[in-house]
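Please read the structure below before turning to the comments.
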């Protein structure tokens, strides 16, 4: 059963509804319907449960619509906010002698204060959903992947890797994680459980979800192609029935790891809310919440970076006379771009150039005199071996000229020296910030272990070539705004709860 009963007795839900309390459930899956009597919703939506007398189908309400929906598609929210607020009002009145406390038993466990009972509910939900999730992953690995590998006439390893990603690695990790949780779980008094340390211990391991989330859109595309062929439809359905899995399509099952990594910050936020600051687990839960938010942000950031590499590859393909290695061989992020006046030793004549600052390198190009949208490649600077020097207005001793709004790029070996001048003081300051941002980005990538695979680089360049088969647009700036849908691991911004992804335009 996917839904978790968060209350002490099975009949409590019906009692709550009949008592007039507002009960909310959260959608685990999309429910698409063409029946006027059914209530459609998306995963993550909150539904008010109006009638739960039927175990299979409940009647619910969302905004201005009502209808039946499958109970197995939702779970009751851990924190029933409105009943909780009502309960606290009742408790305050009861403590002051204005109301009989006997009616509060509906909300309380036997002998437990409210906050401890709510912490028990959250702990129980975390444990229950982890066990359900392990079963879910096992079903996918044994019910689908294992069976697919037997059918070499229908699948090859590359297809399976695309469809299922690294879900087997996730399954192995989650089993280890659950064992750690079980050791810290206090069966007799769940509210005393100290599970925060488990999340902290494995916070780096959770980063494997980044690969899965980044691959998921490709999995959907590959699966969609296969499902147009009847034999694959019948095969996947046979796998589901053989494994005795619930009636959800394979793409629905494959969405679960994406949803799961989003749920941890929400669950830990609830746990912290009902953990007293004096509780031994408080500091660890607080740290775990921040850690899991950071994991979600990291996954978000990596998704955005991978989306950007196609734009960078397309930009490079539009540059005339390109020389040397591809930008993607070393870089994956455009930091800043703009026009500067360049003077490099031993040259004595200044040149107007368009500069594109990426992580690790800066490319400069020349504009066509007639077609200003056309750019010609002129060179690049290795930022890993450059020192940026702020130059005061006035006489510059290395070049023996008067300058304004200038910076120098000097190689650590001393064999390169470039003088760059901006048109306005504020542009110079913006470039200085950009150079600092570039160094921070490089360090951040080292700290988090971010890098592009050779397959990703080659695929991006291949896509760029395909997008301009005959007559490519000239000199496109990869920083120009494009039509871009907010995406967090390929889903809406509420998926991760950490804000929407922007395009690669950087504003400060």
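Positions of Cβ are set from backbone N, Cα and C atoms, glycine also.
Going by TrEMBL, these are the annotated features:
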type	residues	note
COMPBIAS	490-508	compositional bias 'Polar residues'
DOMAIN	20-79	domain 'SH3'
DOMAIN	118-302	domain 'DH'
DOMAIN	333-440	domain 'PH'
REGION	466-508	region 'Disordered'
The domain 'PH' (333-440): DSSP-derived helix, strand, coil residue counts: 19 helix, 57 strand, 32 coil
Residues in the domain 'SH3' (20-79) grouped by DSSP into helix, strand and remaining coil: 3 helix, 29 strand, 28 coil
Average model confidence [pLDDT] within the domain 'PH' (333-440): 92
